[in-house]
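According to Swiss-Prot, the features are:
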- 2: N-acetylalanine (MOD_RES)
- 24-58: disulfide bond (DISULFID)
- 64: N6-acetyllysine (MOD_RES)
- 64: N6-succinyllysine (MOD_RES)
């Protein structure tokens with residue numbers, strides 16, 4: 001799981017500085033992201049207490065996972081119509097450097 005991967009320090013080896021999740025409070029395309037946050041955010045944050053994990057809600061925004069690395073490098077993964085499990089896999093890919 002993403003929390004387990006991050007707790008092993010995988011993201012730290014890549015210079016991961018911050019994770020941001022953008023989503024809409026109401027859109028059907030963000031439903032899986034909302035489910036992910038409700039079910040897995042606490043575990044993820046506990047396993048990564050030193051890593052900023054930011055949740056940004058905005059009306060009509062397309063859901064995305066953003067990762068900021070050392071030297072200001074950023075990557076993003078679109079999460080539109082993803083299930084909570086697909087969001088978890090996307091986060092695992094970011095933490096392992098595959099995204």
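The backbone N, Cα and C atoms fix where each Cβ goes, glycine too.
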Rounded Cα distance in angstrom between residue 24 (disulfide bond) and the residue listed as 'N6-acetyllysine' is 10
If you measure between the CA atoms of residue 58 (disulfide bond) and the residue listed as 'N6-acetyllysine' and round to the nearest Å, you get 12
Under a three-state DSSP reduction, the secondary structure at residue 58 (disulfide bond) is coil
For the disulfide-bonded residues listed (24, 58), most other Cβ atoms within 10 Å of the Cβ sits at 24
Going by C-beta under 8 A and a gap of 6 or more residues, the same-chain neighbours of residue 64 (N6-acetyllysine) are 21, 22, 76, 77, 78, 79
